[in-house]
Amino acid sequence: MESGPASMSSSSSYLYQEQQQQQPQQTESIPQTPNYILKYTLKGHLKSISSVKFSPDGKWLASASADKTIKIWGAYDGKFERTLEGHKEGISDIAWSQDSKLICSASDDKTIKIWDVESGKMVKTLKGHKEYVFGVSFNPQSNLIVSGSFDENVRIWDVNTGECTKMISAHSDPVTGVHFNRDGTLVVSGSYDGTVRIWDTTTGQLLNTISTEDGKEVSFVKFSPNGKFVLAGTLDNTLRLWSYNNNKKCLKTYTGHKNEKYCIFSTFSVTCGKWIVTGSEDNLIYIYNLQTREIVQTLAGHEDVVLTVACHPTENIIASGALEKDRSVKIWKHM
């Protein structure tokens with residue numbers, strides 16, 4: 001959405017260790033450079049694509065749009081499955097529950113909705129935010145949802161009751177991203193106020209604040225797969241990987257993509273080497289080597305700003321979605 005309405009050689013080895021399965025010795029070595037190609041282009045949304053997310057079980061891809069709908073597609077074949085309708089305004093973000101049965105959505109109508117994916121029915125509407133809801137995330141246990149809003153607050157919700165259990169006055173400008181860590185004990189939030197903040201899920205207590213260089217607006221935040229680091233995007237064409245516990249140190253900086261205007265999603269690729277994948281305002285997808293920070297591949301095909309990207313949980317598949325002139329979701333596969 002548009003703004004306005006030390007070396008890690010040791011640490012990165014355990015950044016991904018939880019994701020990697022035991023491999024037989026004859027397994028091919030991990031490639032030094034990725035080789036993704038366009039496999040499917042999915043049409044159907046009537047406005048900009050705001051968020052794409054794979055289900056944790058790997059079967060489905062969900063896409064959300066400014067057209068007020070969520071669409072469900074087959075993750076492997078791109079086949080359209082169903083549309084989830086009910087929001088009164090555009091949707092900015094979506095998240096899956098761990099069992100892949102529920103989706104929550106954040107909308108400009110100031111609500112969060114919970115959906116049963118199989119039936120396509122809306123289960124609950126969560127009300128409390130006073131402005132656009134911009135980001136949502138399920139905790140790993142999927143009994144809580146965290147949301148961030150343009151009202152500068154972060155809220156934690158009980159999935160079963162739909163009640164807000166915690167309201168945190170988190171920032172002094174709109175909240176642009178929220179995410180739970182891998183055990184659900186922490187929440188990270190980012191904001192246009194130039195800070196990334198870490199919160200205790202249970203108490204709502206502020207544990208740490210990371211301030212960006214020159215107070216640059218934070219456009220995206222996400223915990224690393226093991227929860228030890230935070231990836232943050234800022235509106236100066238930069239992604240940074242931070243340690244947040246005590247030294248609050250910027251460990252890696254990734255530049256080359258274009259990001260000065262929109263809140264663009266980035267993510268970790270854990271299935272084929274150690275990459276960071278991000279959208280970009282030059283209509284490309286950028287893949288960075290996490291360790292060396294080099295751009296190892298760019299993916300061309302979209303005809304507008306690539307606002308959102310996601311990586312499949314087990315296969316070498318990337319999904320992407322773009323803005324108004326494009327309106328497509330694309331699925332890319334590693335060859």
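Backbone N, Cα and C atoms are what each Cβ position is placed from, and that goes for glycine too.
Feature annotation from Swiss-Prot assigns compositional bias 'Low complexity' to 9-30. Feature annotation from Swiss-Prot assigns region 'Disordered' to 1-30. The repeat 'WD 1' annotation in Swiss-Prot covers 44-83. Under the heading repeat 'WD 2', Swiss-Prot lists 86-127. Swiss-Prot lists 129-167 with the feature repeat 'WD 3'. Residues or ranges marked as repeat 'WD 4' by Swiss-Prot: 170-209. Residues or ranges marked as repeat 'WD 5' by Swiss-Prot: 213-252. If you look up Swiss-Prot, you'll see 256-298 marked as repeat 'WD 6'. Per Swiss-Prot, the feature repeat 'WD 7' maps to 301-335.
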- Query: Helix, strand, coil residue numbers for the repeat 'WD 1' (44-83) per DSSP?
  - Reply: 0 helix, 22 strand, 18 coil
- Same-chain residues at least 6 beyond the ends of the repeat 'WD 7' (301-335) with CB under 8 Å of its CB atoms are 1, 34-43, 45-54, 56-58, 61, 63, 65-66, 71, 73, 75-76, 78, 262-272, 277-281, 283-285
- For the repeat 'WD 7' (301-335), what's the model's average pLDDT? 98
- Residues of the repeat 'WD 5' (213-252) by DSSP state, where helix covers H, G and I: 3 helix, 21 strand, 16 coil
